[in-house]
Structure formats: C-alpha cells, structure tokens
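Enquirer: Copied straight from Swiss-Prot:
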SITE      E79  site 'Reversibly protonated during proton transport'
TRANSMEM  26-46  transmembrane segment
TRANSMEM  71-91  transmembrane segment
Amino acid sequence: MKKVLFLVVALASFAFGADGEQIKAFSVVAAGIGLGVAALGGAIGMGHTAAATILGTARNPGLGGKLLTTMFIALAMIEAQVIYALVIALIALYANPFLG
C-alpha cells in the first residue's frame with residue numbers, strides 16, 4: 001500500500017505539470033485560508049491574553065505595571081506569528097516555488 005501511495009504522489013507532479021493556472025488558483029485559495037486562520041488564531045490568543053491581564057490586575061492591582069509589560073511582549077509574539085503567515089502567503093502568491 002505504501003508503494004502505491006508513493007507512486008501516486010510521485011506521479012502527480014507529471015500529471016499536473018502543465019497546469020500553471022490551476023496552481024495559481026489554488027495558491028490564492030491557500031493564501032486566503034491560511035492567512036484567515038492565522039488571523040483568527042491570533043485574535044483569539046490576543047483576547048485571552050488581554051482577559052488574563054485584566055483579571056490579574058483586578059486581583060492584584062500592585063502588579064498592574066508588570067502584567068502590562070508582560071502582556072505587550074506576549075501580544076507582540078502573537079502578532080509576529082500572524083506576520084509570518086502573511087509573509088508565507090505573499091511568497092505563495094508572488095514568488096510561488098511550485099510554478100518553476
């Protein structure tokens with residue numbers, strides 16, 4: 001079974017070798033879905049981070065400054081993941097390695 005699967009995967013590139021337009025279309029769809037999922041995940045993560053910081057500040061107001069600093073660092077790291085997804089989407093759209 002593994003040999004058949006390997007053969008199908010290996011020969012798929014020959015079957016779709018001349019379909020440059022189809023690869024471009026799928027690249028646009030993949031970039032849109034990938035960036036949408038990354039933005040959704042980033043927004044959910046940022047919401048949880050802000051909620052946890054507000055909860056921590058409400059429980060201990062003396063740590064508000066430290067929690068705020070930590071929150072901004074966490075938000076920057078979350079946003080960096082979304083920016084990485086944007087870079088990958090732009091590479092898939094404008095410098096597509098599958099088009100040759």
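The chain as shown is numbered from 1 upward.
Yeah, the Cβs are placed from backbone N, Cα and C, and that goes for glycine too.
Predicted, not measured: the structure shown is a model, and the values here were computed from it.
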Enquirer: Using Cβ atoms only, which residues of the same chain lie under 8 Å from E79 (site 'Reversibly protonated during proton transport') while being at least 6 residues apart in sequence?
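Expert: Expected: G42, M46.
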Enquirer: By the DSSP assignment reduced to helix, strand and coil, which category contains E79 (site 'Reversibly protonated during proton transport')?
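Expert: It is helical.
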